[in-house]
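S.K.: Take this structure first; my questions come after.
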């Protein structure tokens, strides 16, 4: 029985028993217990088909899944009451310029030695027509996302004689291919660690039971598993033992970001702000936010709710208030998913079972028109659980995601210069913003996109580019603002 079916059944029953609200609540509780019991039995059957180490890992994964499923069944209505939403207090979102104005102490290398860089590396390149992990797509001068990340950290370690390690959170989709490629970085001055996020079963929307019949991941089972969103980082990191190991090595903070955000480099000013706080007011969580434009209206924003700083995502917004949420005047900032988090705080919250993140119910349709749901969480949603959490309003340059070939064209062009793995806007660009580029469906896949450019155009003076239809670009093309450039 699906949640919709269950609620309709309960609604019908309540009409028959209008005066007996206690019985109604009891009935709902019995239904929930039955669903949990059925789910538990199915998960036990699945674990029974695993062998050796896989059985141990799966058991751990399913513990997390059961908690998530339990919370999913408890949810009643929207996770926020719109009337209780307030703008964050002024001092809870600091302007980056104020942080930068403090300057850097001479001992910044000591601060770097307390830092770990974590990249979210669970995604595939399928949306851009590529096989394998997205981090292995070439984005600039034959360098992949992963190459650029390693170069950035190695440059830091060499410049400051520091030991900043790189940690990759892989998924079962990316782990094998990523580990093969890591051998090429053996002689780089960067220690690289990996851990895997959980593997959860997709749920049949009607029965609310797993679609999988065993732990296999091929054949009929190819589409029945999923990695449960980047909010899984806390449990998976803790369960891997790596978090404990890094704390023992004297590490205090992680800088977490999506591996496809080329603007997410280690910022020494933010790091210094973190480590220089007095002990009683140690900031355990910093979220980098940036000013919202019309292109970012769906991005999550920071609010004050029940006295805590909280991330509000569009999925949590009641339908009647969606337009208000998208307003760039009321909600002026959005989450870049560049996060600085205390390792000891993660450990404490995991051990207290106090990590509370809103559940994202993501519907999917599998082959044979089978409707399923997958339960996910977002890493930034945990901000409300940490002490003295803070937002920092950073320059737009720290948010440079490559989600499409339109984004890829920007980062491959002369708009940016590349140095030590970091992209910076060319000084020859007269405008502070990047052009708006929209390539048509003929450019969706990376290979098709590459065949349509004999060379990447000069885009220094470009403001807007829209391409539709069967278009190719020759050599030495310049795209300029005055033409509005529609093809």
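Cβ from N, Cα, C; glycine included.
The UTP binding site annotation in TrEMBL covers 134, 197, 229, 260, 403. Per TrEMBL, the feature substrate binding site maps to 230.
Relative to the rest of the structure, where do these features sit?
M.R.: Other C-beta atoms found within 10 angstroms of the C-beta of residue 197 (UTP binding site) number 29, with every protein chain shown included.
Packing around residue 230 (substrate binding site) is summarised by its Cβ count: 24 other Cβ atoms lie within 10 angstroms of its Cβ, all protein chains included.
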S.K.: Including all protein chains shown, what's the count of other C-beta atoms within 10 A of the C-beta of residue 403 (UTP binding site)?
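M.R.: Excluding its own Cβ, the number within 10 Å is 14.
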S.K.: What whole-number distance in angstrom separates the two most remote CA atoms of the UTP-binding residues 134, 197, 229, 260, 403?
M.R.: 21
S.K.: May I ask for the distance between residue 197 (UTP binding site) and residue 230 (substrate binding site), taken between their Cα atoms and rounded to an integer number of Å?
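M.R.: Between the alpha carbons of residue 197 (UTP binding site) and residue 230 (substrate binding site) there are 8 Å.
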